[in-house]
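Below is one structure, written out as structure tokens; the observations come after it.
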Amino acid sequence: MASRAASSVLFLLVTMVGCASAATFTIKNNCPYTVWPAATPVGGGTQLNPGQTWTINVPAGTKSGRVWGRTGCSFNSGGRGHCQTGDCGGALSCTLSGQPPLTLAEFTIGYTNGANDYYDISVIDGYNLPMDFSCSTGMNLHCGHPSCPDAYLYPDDNKKTHGCRGNSNYKVTFCP
């Protein structure tokens, strides 16, 4: 009997994990200057000249993910340097969150039940770039200035997170 119960629990867990899917993030620089987007806990970072895009795949179960743009950066061939805004310990490929000020796209992908993702924009840590953040099955969030109404403005401002059906694609656009 215990073996049958264990098998049933294992089947249920495998089924739940199978329902959760990765999400694709397309990050675009519409600014008239270079932006160095960064993403944690997956993605790292890269350089985007005006008009360029960067695509990252975020696995299901990712909690407290962040994408932000860095400005005024200079890196050597080894990927070490510094950014005027959003710097993450002097690394091109970030493993740490950026230093304020930074406009943040925040997300959780299939973490709670595999059916919904959650996303928001935050300027709690300051504002450095205008940003749009959207989900293919949800609404577009726009933040064009430090007090934008679509963004979290202070830590207990808890009404700005939006749900999105799983299996979604996301788009982050700097200077929309």
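Backbone N, Cα and C define each Cβ position, glycine as well.
Residues or ranges marked as signal peptide by TrEMBL: 1-22.
All protein chains included, Cys73 (disulfide bond) registers 21 other Cβ atoms within 10 Å of its own Cβ. Feature annotation from TrEMBL assigns disulfide bond to Cys73-Cys83 (among others).
Summarising the annotation, TrEMBL assigns disulfide bond to Cys88-Cys94 (among others). The Cβ of Cys94 (disulfide bond) lies under 8 Å from the Cβ of Ala38, Ala39, Thr40, Gly43, Gly44, Gly45, Cys88, each of these being in the same chain and 6 or more residues away along the sequence.
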Worksheet, complete the sentence: Counting other CB atoms within 10 Å of each candidate's CB, the least crowded of the disulfide-bonded residues Cys83, Cys88 is Cys88
